[in-house]
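Remarks on the structure that follows.
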Amino acid sequence: MDQYCILGRIGEGAHGIVFKAKHVETGEIVALKKVALRRLEDGIPNQALREIKALQEMEDNQYVVQLKAVFPHSAGFVLAFEFMLSDLAEVVRHAQRPLAQAQVKSYLQMLLKGVSFCHANNIVHRDLKPANLLISASGQLKIADFGLARVFSPDGSRLYTHQVATRWYRAPELLYGARQYDQGVDLWAVGCIMGELLNGSPLFPGKNDIEQLCYVLRILGTPNPQVWPELTELPDYNKISFKEQAPVPLEEVLPDASPQALDLLGQFLLYPPRQRIAASKALLHQYFFTAPLPAHPSELPIPQRLGVPAPKAHPGPPRIHDFYVDRPLEESLLNPELIRPFILEG
């Protein structure tokens, strides 16, 4: 740590504190993630090891945050990353209105290039969300926080935990307890992020896993084996039943979005994971080649992360234009008593 001068604190993650720092000799500005070991015998946390392994296995890519160094410090170690000024969550949070179409296209295009690169290297991120998409001073978007990333098995034989991904961006198969999954979980998250950029607020802001499923089915309709053949094989399929409900056209959910945007969004937000459009294929979608074209990164908003007041908590289920998703949770369930243990009072 002697080679760095700490300039300020950026934030705190699951396994450490992140600082803005300056290299004493070179003057380079970096982000230092300090990971403390609670007990030496516990070893390095798995999430930290996964992040290091994932980033080291991928060659430098302009859409993935660069890990510059790893070194021991006190009772732990430090990861030195390239410094990024802000993140996409800050961009959405500070936008006075939904982003312009050209801006949405630019952010989504950069995200898809990063996701395509990860998937080409057999890396599934498993926690894509706006807060993990960092923005540089030049407007460049880069994927960060690979603490949940794994090398995926193309034959689908490997078992994983389903408790990954932040709830609002968690794929339906994970909500149903799937232990075998692939890059489809990232593609669902990309769709959620795209919808949030178009809408200005999250599409599926559930407070627990059951409510999360309810938000999804209110737009996509009730899943069934006809549209999702693997549904009945999921561990939690029989634990809760939903009333039959038809899907809502995306143009009613996002009436200001272009037909091309809705077509691409609909190819991400599909129940069967293997039917979701691949990131590499999505980059060739007509959405990116119709006016307005994606904005240049230098034309994108870049809010400062440091010195910005803490945002207010999300108020809960929002009204999405003229389409309401804030109906009582019980209206979506066959047996409302099943959700009583999951409902927070007050």
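First residue shown is number 1, and so on along the chain.
Cβ atoms are placed via backbone N, Cα and C, with glycine included.
According to Swiss-Prot:
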DOMAIN    4-288  domain 'Protein kinase'
BINDING   I10, G11, E12, G13, A14, H15, G16, I17, V18, K33  ATP binding site
ACT_SITE  D127  active site, proton acceptor
Subject >> Integer mean pLDDT for the domain 'Protein kinase' (4-288) >> reply: 88
**OP:** Measure from the CA atom of G16 (ATP binding site) to the CA atom of D127 (active site, proton acceptor) and give the result in Å, rounded to a whole number.
**Re:** 17
Subject >> G16 (ATP binding site) - helix vs strand vs coil (DSSP) >> reply: strand
**OP:** Counting Cβ neighbours within 10 Å across all chains shown, tell me which of the recorded positions E12, D127 comes out on top.
**Re:** D127
Original post:
If you draw a 10 Å sphere around the Cβ of G16 (ATP binding site), how many other Cβ atoms fall inside it, taking every protein chain shown into account?
Top reply: 18
Subject >> Count of other CB atoms lying within 10 Å of the CB belonging to V18 (ATP binding site) >> reply: 17
